[in-house]
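Enquirer: What Swiss-Prot records for this protein is below:
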- 1-18: signal peptide (SIGNAL)
- Asn30: N-linked glycosylation site (CARBOHYD)
- 41-229: domain 'GH11' (DOMAIN)
- Asn100: N-linked glycosylation site (CARBOHYD)
- Glu125: active site, nucleophile (ACT_SITE)
- Glu216: active site, proton donor (ACT_SITE)
Amino acid sequence: MVSFKYLFLAASALGALAAPVEVEESSWFNETALHEFAERAGTPSSTGWNNGYYYSFWTDNGGTVNYQNGNGGSYSVQWKDTGNFVGGKGWNPGSARTINYSGSFNPSGNAYLTVYGWTTNPLVEYYIVENYGTYNPGNGGTYRGSVYSDGANYNIYTATRYNAPSIEGDKTFTQYWSVRQSKRTGGTVTTANHFNAWAQLGMSLGTHNYQIVATEGYQSSGSSSITVY
């Protein structure tokens, strides 16, 4: 599966009614429209540090997505009829660290829970997918092999994104995927096992940028509450 960050939704404008309306009815319409707009807006995209952890949240502003940082390495996100978003907490820079995480992940539709990060030189977007909804994100990639790590087999895939948004602007870059065959929400992710397996397949990483345990959703609804440590 390729990342959907290059997709953006265009909003349609509603024409005003030509006939006059009662003031009370007009007032109700305006308040309702403003309320629905606020719901659609959700949380704006942002990055930074929170309680000692780096966080990143990106949305294409489709549907409703509410992301909230919590204590320590915790965050929560609720989404409804969303476009595409990805957000979570972790570290900057990333490394071949051992990551522990716990929480809940309840998607309805296409979403996944994943270790997510970027490197530069080469520019690579990578995923170590722990859980997913109705769509296996490896289906859109090229199968390269598998690796056993932390109690399960992970299938390895690559995909190429052309002129797509990245941490360096719109670029062409490669995605690396490890997708866990037995889904879970919580446990240990030994990232070095994946990085080493990728390297043996000729999938080189560069200089690490940020690395988070992320929730990503595409045209779906759901909720997620995750703590990394």
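Glycine is no exception: its Cβ is also placed from the backbone N, Cα and C atoms.
Given the structure is predicted, the values throughout are model-derived calculations rather than measurements.
I'd like to know what surrounds each of these features in this structure.
Expert: In this view, Asn100 (N-linked glycosylation site) is surrounded by 14 other Cβ atoms within 10 Å of its Cβ, with every protein chain counted.
Glu125 (active site, nucleophile) falls within a strand segment according to DSSP.
Same-chain residues at least 6 positions away in sequence with a Cβ under 8 Å from that of Glu216 (active site, proton donor) are, in sequence order, Asn84, Phe85, Val86, Gly87, Ala111, Tyr112, Thr114, Tyr116.
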Enquirer: How big is the Cα-to-Cα gap, in Å, between Asn100 (N-linked glycosylation site) and Glu125 (active site, nucleophile)?
Expert: 21
Enquirer: Under a three-state reading of DSSP, tell me whether Asn100 (N-linked glycosylation site) is helix, strand or coil.
Expert: strand
